[in-house]
Amino acid sequence: MKIELAESYGFCFGVKRAIKIAEDNKNSSTYGPLIHNSKEIERLEKDFKVGLTDDHKSFASGDKAVIRTHGIPKNELAELKANNVDVVDATCPYVTKPQQICQEMSEQGYEIIIFGDDAHPEIKGVKSYATYGARVVTMPSELEDLKLKDRIALVAQTTRKVEDYLEIANYLIPRYKEVRVFNTICNATFENQEAVRKISKKADIMIIIGGKNSSNTKQLFSISEDNCTDSYHIEDENDLDFSWFKEKKFCGISAGASTPDWIIQNVVNAIQNSI
């Protein structure tokens, strides 16, 4: 069986940057998981004494708080600073972009529409920057019964599928006087999605590696499954079932933006050793 990695996969710029920030700030705590990969979180705690705190109110004056790549709500960031917490911001620059857009466009009187998952930490943060509120949707049908202003600003969660975002934009544009569409899907997300789309069309089994809570990994899996019915989303080599590979001839592999190289290599090695 041939094993091939997608042309683009794994750690993105924002995650690499955040990991470096965390490693440079030993004996600190991240507010929320720095990235959606439990194994990498465990490594940071073991090797660099970087802990994890889920409640921003638990940080005391003088404590060091590393902000997760997904960002946090504006009011919580303000509280941390007001309480003299040493804030180290590891928010991905691609995430701060929609935050800034939401704030600026909301203050200019635009209705803010966010394409994404309302429960995702990135969207909780982005939404908080819309001074006069924002609406979060995942599909065009959710817009049908909404009474919206004539001036709309549209942003997307950085890890969503481009084609799904276009469906939202294409619904709004003919119906409203002014629709400002901002491309806030990050380059790495787009490149990884295109790469998995390409390789999944020629593979008879696909392995997508990443955290179960990772939005961008879920999107990669969705694209892969569209083209290759035998697609599997795993977190590491321990999730592999080697019966999957029986009589397969081409195994394609991709990984989410928060999946470190060492986990990817462990998966590749495990598959190679099984055939």
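Cβ atoms are placed via backbone N, Cα and C, with glycine included.
Computed from a predicted structure; not experimentally measured.
Site annotation (Swiss-Prot): [4Fe-4S] cluster is bound by C92, C186, and the candidate from C12, C251 recorded at this site is C12. Neighbours of the dimethylallyl diphosphate site: apart from H36, H70, H120, S214, S215, N216, S258, residues of the same chain with C-beta atoms within 8 angstroms of the site's C-beta centroid are I35, E122, T159, G211, N213, T217, G256, A257. The two recorded residues, C12 ([4Fe-4S] cluster binding site) and H70 ((2E)-4-hydroxy-3-methylbut-2-enyl diphosphate binding site), show a Cα separation of 13 Å. Look at H120 ((2E)-4-hydroxy-3-methylbut-2-enyl diphosphate binding site): DSSP puts it in coil.
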